[in-house]
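Please read the structure below before turning to the comments.
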Amino acid sequence: MPESLANAISPNQHHEHHFQSSDTVRDIVIGLADGLTVPSALAAGLAGAVSSPRLVVVAGLAEIAAGSIAMGLGGFLAARGDAEHYASELRREQREVVEQPGDEADEIYEIFEKYGVPHAAATPVLRSLQANPKAYVDFMMRFELGLEEQEKGRAWRSAATIAASYIAGGAIPLAPYLLLGSMTAALQTSVVITLIALAIFGGLKGRLLGSHILRSAVQTVLIGGLAASVAFVLARLLNSHGA
């Protein structure tokens, strides 16, 4: 066994722990981000134009229902499109491995050259892949095209995850209008808890994705706060001109 390979499988080898952002985590982030931002902006805008918290609740619930369906459908179509693209490229790669073996071999060498691996070292790997067509195709899909096969049912899970996350996020800014009778108190409470939720969400997102936690939290709060502020001011201006 080569020394380099023996060292690679040594029981004393160093283990690195990296967070790998899964598709599910990405879907949760997408749903929560829009769920916290869009309904809060709508609620703030309506609060600047109407005097009844009940109207804000009704409109907010309608928006959450429509938004969750639209977001879920978007996630479904995106995942379905990715699956169809993978299947199409897989069929093409399977044909090329059989019909154009020389070109595929050159592509293998090009892939390894990007990592500084010379032809002499890459040739044994190429021979091993050629002896296993399924592994050969999988290697090309991953390293030439950057594609990986989706799990079965991925499109439906993506739709459900995004929609549920959107509903959960949208319920936070809407809750005060449902529980409090005063529009002023409901608006103030909604703003406070939404900003807190945005900060927590932004910090967690930054931690999961490996970016600066505080910077991610501040950016998320600024984006959500700006959207709600603009909606509130516009509603007030339109309401005053309408009056």
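The backbone N, Cα and C atoms fix where each Cβ goes, glycine too.
According to TrEMBL, the feature region 'Disordered' maps to 1-20.
Within the chain, the transmembrane segment (28-49) has long-range Cβ neighbours (under 8 A, six or more residues past its boundaries) at 55-56, 59-60, 63-64, 67-68, 71, 75, 161-170, 172-174, 177, 183, 186-187, 190-191, 194, 197-198, 201, 205, 220, 223-224, 227-236, 238-239. Look at TrEMBL and you will find 28-49 (among others) tagged as transmembrane segment.
Annotation source TrEMBL lists transmembrane segment at 55-79 (among others).
Remote same-chain residues near the transmembrane segment (159-179) are listed as 24, 27-40, 43-44, 47, 53-54, 56-57, 60-61, 63-64, 67-69, 71-76, 79, 185-187, 189-190, 193-194, 197, 201 (criterion: CB distance under 8 Å, separation of at least six residues from the stretch ends). Annotation comment: TrEMBL describes 159-179 (among others) as transmembrane segment.
For 185-204 (among others), the entry in TrEMBL reads transmembrane segment.
Feature annotation from TrEMBL assigns transmembrane segment to 216-238 (among others). Sequence-distant contacts of the transmembrane segment (216-238), counting only residues of its own chain at least 6 positions beyond either end whose CB sits under 8 Å from a CB of the stretch, comprise 33, 36-38, 40-49, 191, 194-195, 198-203, 205-206, 209.
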